[in-house]
Amino acid sequence: MSNTKYRGIFTVYNTLTRQKERFEPLHSGHVGMYVCGPTVYGDPHLGHARPAITFDVLFRYLTHLGYKVRYVRNITDVGHLENDADEGEDKIAKKARLEELEPMEIAQYYTDRYHTFMDRLNVKRPSIEPRASGHIIEQLQVVEEILAKGYAYESHGSVYFDVPKYNRDYQYGKLSGRVLDDLMSSTRDLDGQEEKRSSFDFALWKNASPEHIMRWPSRFGDGFPGWHLECTAMSSKYLGTQFDIHGGGMDLMFPHHECEIAQGTIAKGHEPARYWMHNNMITINGQKMGKSLGNFITLEEFFTGSHRLLASAYSPMTIRFFILQAHYRSTVDFSNEALQAAEKGLQRLMDARATLDKLKTGAHTNYDIDAFEKSCYDALSDDLNTPLVIAALFDATKAINTIAAGQASMTADDLVRLKGLFERFMGDVLGLSTEVASTGGDEKLGEVMQLMLHLRSEAKAAKNFALSDQIRDELSKLGFVIKDGKDGATWELK
Ligand SMILES: Nc1ncnc2c1ncn2[C@@H]1O[C@H](COP(=O)(O)OP(=O)(O)OP(=O)(O)O)[C@@H](O)[C@H]1O
Ligand SMILES: [Zn+2]
């Protein structure tokens with residue numbers, strides 16, 4: 001059930017203006033939202049869960065406020081080069097070379113894996129999920145638009161965006177607060193041998209060297225699009241040249257989103273999005289968890305407990321709760337203690353929800369249900385303050401437990417309302433689903449595997465190597481790869 005009443009107080013922190021602003025869509029009753037999705041060359045890790053969950057809650061809340069939301073989240077399957085740079089191997093092509101597969105097999109496999117794990121986290125699928133490789137023509141059109149306006153130049157079959165020229169007429173660095181002149185003074189000049197005129201220019205289209213397999217014909221020769229271009233082409237195609245919200249992780253603010261603003265401003269005549277929202281990072285030992293940094297723990301490893309840093313398996317809903325317990329603009333450092341606390345906290349809420357069905361009603365109510373409802377809306381309206389919504393749910397939990405203990409009471413009507421509010425905020429908006437939480441198949445599998453590894457290590461300790469090898473080999477036939485390390489054995493499902 002939607003509720004348009006609270007639309008007027010909804011504010012979001014806009015990275016562009018560095019302040020909270022009241023949210024007003026461009027077209028009354030409709031919201032267009034674009035979020036940068038994954039580069040599909042590896043399994044999704046905890047870091048990926050954060051933007052997916054953050055913008056899922058935004059999607060859910062806007063929908064709850066009665067807006068018709070078109071949510072576009074892309075799949076990057078071409079053009080993202082190593083080190084996020086203009087030179088180097090394509091991340092997907094590299095993985096394809098290592099695995100001896102077609103790049104599109106890699107992209108398909110990891111897109112499917114992304115969907116599987118996001119579904120488990122109860123993340124709703126976006127309205128449109130376009131792929132970069134399916135929009136080459138649209139991207140070449142944007143290149144032409146920018147060339148026609150004089151803000152790009154062709155060089156050796158590549159096309160570069162002219163950042164210093166753009167900065168003279170507009171402001172490059174507006175989003176991230178970087179000042180191009182300062183950046184330039186601390187960077188060495190190009191030696192004249194390179195294709196680019198300035199090291200800040202970025203590729204719109206790259207000439208493909210003979211060994212580069214992901215390539216498309218163009219009037220500049222065979223090539224492939226620059227990484228930033230896809231988001232300009234696909235957001236304008238599906239949401240129009242200007243839309244309401246653009247989201248993504250903070251790591252994408254510079255240069256990716258800065259370049260998107262520059263491209264959109266020139267090609268489409270105005271800045272692409274009105275509100276820019278950025279989730280902060282999931283860190284591990286204080287460093288961003290990332291695929292290219294190799295310090296990640298995949299969601300599958302969390303669900304099965306199969307990573308050496310995990311004290312146990314954690315259910316998808318525990319992960320979701322763990323992420324929502326922090327405000328999306330603060331960093332969250334991975335730790336088993338915090339995950340265990342999240343697991344307990346979530347259980348308390350789940351128990352309270354179950355208790356609600358069994359409560360005996362009374363002649364009067366000791367609690368203010370309106371105040372509970374208002375505090376949830378106030379929290380969500382204040383830049384999606386999910387930890388405050390959770391705090392309000394904990395307050396309600398205390399009330400429920402007090403009533404269950406016979407120390408307070410609630411009328412039948414109020415109980416129906418309270419149940420409805422629990423459903424609305426915990427279920428519909430935060431997406432903490434009891435159904436998903438109770439399918440603990442992976443967790444059970446993780447526990448069984450821990451038991452198998454324990455039995456195997458006991459066999460080894462008793463010098464029964466035939467048995468320990470048999471356990472390893474039989475598991476291997478079933479697809480479980482056992483690896484012996486100095487901290488004991490770990491397992492992986494191939
Ligand atoms: N540790 C993290 N915390 C929060 N968000 C993250 C984290 N890592 C990636 N993201 C976000 O997930 C989305 C997809 O990112 P991407 O596929 O580039 O992941 P990545 O692991 O950073 O890969 P790479 O290391 O190749 O850059 C982006 O919005 C990005 O900002
Ligand atoms: Zn993007």
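Glycine too: its Cβ is placed from the backbone N, Cα and C atoms.
Per TrEMBL, Zn(2+) binding site is recorded for Cys36, Cys231, His256, Glu260. Annotation for Cys36 (Zn(2+) binding site): spatial neighbours Pro51, Arg73, Asn74, Thr76, Cys231, Gly247, Gly248, Gly249, Leu252, His256, criterion Cβ-Cβ under 8 Å with sequence separation of six or more.
The ATP binding site feature in TrEMBL is assigned to Lys291. Around the Cβ of Lys291 (ATP binding site), the number of neighbouring Cβ atoms within 10 Å comes to 19.
The domain 'Cysteinyl-tRNA synthetase class Ia DALR' feature in TrEMBL is assigned to 375-445.
According to TrEMBL, the feature motif ''HIGH' region' maps to 38-48. Sequence-distant contacts of the motif ''HIGH' region' (38-48) (same chain, at least 6 residues past either end, Cβ-Cβ under 8 Å): 75-77, 80, 91-92, 94-95, 106-107, 110-111, 113-114, 117-118, 249, 281-282, 288-291, 296-300, 302, 319, 334.
Distant neighbours of the motif ''KMSKS' region' (288-292): 39, 41-42, 45-47, 82-83, 91, 251, 281-282, 334; these residues of the same chain sit at least 6 beyond its ends, with a Cβ under 8 Å from one of its Cβ atoms. What TrEMBL records for 288-292 is motif ''KMSKS' region'.
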Model confidence over the domain 'Cysteinyl-tRNA synthetase class Ia DALR' (375-445) (mean pLDDT, whole number): 90
Residues among the binding-site residues Cys36, His256, Glu260 that border ligand 1 - Cβ under 6 angstroms, in sequence order: Cys36
Near-site residues: Zn(2+), ref Cys36, Cys231, His256, Glu260, CB cutoff 8 A to centroid: His228, Glu230, Thr232, His246, Gly248, Leu252, His257, Cys259
Lys291 (ATP binding site) versus Glu260 (Zn(2+) binding site) - Cα distance in angstrom: 23
Number of Cβ atoms other than its own within 10 Å, given for Cys231 (Zn(2+) binding site): 29
